[in-house]
Amino acid sequence: MSTFGLGFFVICIVGIFFDASHAQLQLNFYAKSCPKAEKIIEDYVHKHIPKAPSLAAALLRLHFHDCFVRGCDGSVLLNFTSSTKNQTEKVAIPNQTLRGFSFIDGVKKIVEAECPGVVSCADIVTLVARDSVVVTGGPHWNVPTGRRDGKISNASEALANIPPPTSNLSSLQTSFANKGLDLKDLVLLSGAHTIGVSHCSSFSTRLYNFTGVLGTQDPSLDSEYASNLKGKKCKSINDNTTIVEMDPGSFRTFDLSYYKLLLKRRGLFQSDAALTTSATTKSFINQLVKGSLEEFNTEFAKAMEKMGRIGVKTGSAGEIRKQCAFVNK
């Protein structure tokens, strides 16, 4: 077979697998096997998130961290056991501040009571993230279901695949491109920072040690904002416990203020500030700020649906876990 022929053959095969995984994700996948599943999940979220609104951002982050390692397969939920013989994604540095595991377990328990062994943890994470955003007043997006749960979870892969808050634009672009996401997706998905909080340790280098020399500050960070953070929030470089709003003043509201703060050089992370360092990404930000909240919601919804399709396992791949923290015996 010629090089062209072989290449075309490989492309066709890859295309077939790509289409197959997408074809097997479908809206209302559980319509016959567990018709009440999505309503049960939605009701649980609507009952509990208003009582703990900060969990909405945590559950959205959990979904992101899951999808960026081995695809959206629930691998981030797995605990270390003697049978896995390795540290799982949960213990990796990017995941040590993740929350929401017990919330997912709570959802899984009631879904299992309705339909044992039918609904995957991967789908639950995806649906819960969407429903949590809706509760905060954010957009609704379609969640095609039919994901299967992965059986492998490695801490080293989480460290390698989840972009840290210290990322520059080039590394962010590469990280997202590796998952089939473009610069527009990067800007839109970063908009999730409109809700939620962060620990000082995720950005304290910008305040105290930016060049590697103690006492140096990131010049791209608004000086007044930096002074406020140092004076009232993160009072030392060693503060690992204080939490700071990512979108000060509206961290529980899904809105455009995150992007407005970026243009004022008040993004909390280096990865936030990085979005203003390219003409392309800055243009996207300006378009969002000048547009309506409805336009942002529509675009954010598209990006979330796209992210929810990363590396999904369908058909006979993986399994449907009985408990989200453990592979089936």
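Cβ coordinates come from backbone N, Cα and C, glycine included.
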Disulphide partner cysteine [TrEMBL] for C324, chosen from C115, C121, C200
C121
Please name the cysteine among C34, C72 that TrEMBL pairs with C67 through a disulfide bond.
C72
For C34, which disulfide partner does TrEMBL record out of C115, C200?
C115
Among the candidates C12, C234, the one bonded to C200 through a disulphide according to TrEMBL is C234
Which of E89, D247, D255, all binding-site residues, has a Cβ with the fewest other Cβ atoms inside 10 Å:
D255
Between the recorded positions C67, V69, C115, C234, C324, where is the Cβ count within 10 Å the lowest?
C115
Which whole-number value in Å describes the distance between the Cα atoms of C72 (disulfide bond) and C324 (disulfide bond)?
13
Averaging the per-residue pLDDT over the domain 'Plant heme peroxidase family profile' (24-328), what integer do you get?
95
Binding-site residues near C200 (disulfide bond) (Cα-Cα within 10 Å), from D66, V69, G71, E89, P163, D247
none
Fewest Cβ neighbours within 10 Å, where candidates are the disulfide-bonded residues C121, C200:
C200
